[in-house]
Amino acid sequence: MMAFFLVLWLMASTSKPERAAISEYFRNPSPLVGSSATPAPGMAGPGGASTSMIKLGGATDVSRGNSNDPFQNQQKAIPQPVDEQQRDKQQLEALMKELQEAISRSQALEPFKDQLLLDLTPEGLRIQIVDKQNRPMFDLGSATLKPYTQQILHELAEYLNHVPNRISLTGHTDITAYSAARGYGNWELSADRANAARRALIDGGMDDSKITRVVGLSSSVLFDRTDPQNPINRRISIVVMTKAAEEAALAGAGPQVGLSATTVDPDVQAAQGPGK
């Protein structure tokens with residue numbers, strides 16, 4: 001009875017040439033060693049025996065590489081290594097989103113959200129803390145931080161300390177001339193303000209070893225070029241550096257590194273001027 005059902009199944013699941021091949025096989029089975037046999041029609045190629053397989057209904061076509069071998073499938077599923085530059089960008093985009101959400105929900109940061117500007121530059125994630133009319137970050141003509149500026153930097157320190165990237169800080173002033181002792185001007189003031197921000201970040205818990213560069217650029221890189229005296233020009237830029245930018249800064253190399261093929265520190269490039 002089983003043989004009968006097997007015959008019915010074979011007849012239903014095979015084509016006419018396949019049934020002929022099976023029939024020929026049972027009429028002329030594989031020979032013993034030392035004997036010979038004529039291959040069935042369609043079973044031999046021009047160079048000898050055919051290597052094609054008879055595909056029964058539902059059978060796996062191994063000749064096309066469809067394998068249930070878990071090791072083979074696992075090998076195919078291994079992801080390609082992510083480009084380091086792309087990985088840097090993804091990590092900084094994630095940090096930017098995290099900071100934006102933190103600013104929105106933090107009681108300490110939310111009142112100053114219009115003074116916290118975040119953007120991605122070729123060198124990394126830039127966080128700019130800018131002055132606002134009637135709400136400066138520092139005492140007038142001084143590197144002394146306002147209490148709320150210290151609070152902002154302490155809040156940021158917690159997030160910056162959780163990423164492996166190093167940090168650079170840049171101080172900026174507006175174009176207003178600084179009237180004080182001879183030899184002390186906006187260049188010195190902007191550098192001192194950047195250093196004051198560095199100390200506040202460390203007081204907030206950020207590791208001192210994360211600092212790679214502290215720079216004062218005076219009014220050489222204005223945020224608002226149409227109004228050099230706009231309070232927004234007085235600012236501190238904190239850059240969470242890419243790995244490439246960090247390595248270049250530590251090696252004293254040029255600025256051609258970062259998130260894209262042609263990459264520069266936007267503040268330093270602007271201070272150097274075109275072609276430098």
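Using the three backbone atoms N, Cα and C, a Cβ is placed for every residue, glycine included.
Note that TrEMBL annotation is computational and uncurated.
According to TrEMBL, the feature compositional bias 'Low complexity' maps to 37-53. Per TrEMBL, compositional bias 'Polar residues' is recorded for 63-77. The feature domain 'OmpA-like' is assigned by TrEMBL to 125-244. Look at TrEMBL and you will find 37-87 tagged as region 'Disordered'. Sequence annotations record features per position, and here TrEMBL assigns signal peptide to 1-20.
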The domain 'OmpA-like' (125-244), counted residue by residue under DSSP: helix, strand, coil: 40 helix, 29 strand, 51 coil
Overall pLDDT for the domain 'OmpA-like' (125-244), taken as the rounded mean: 94
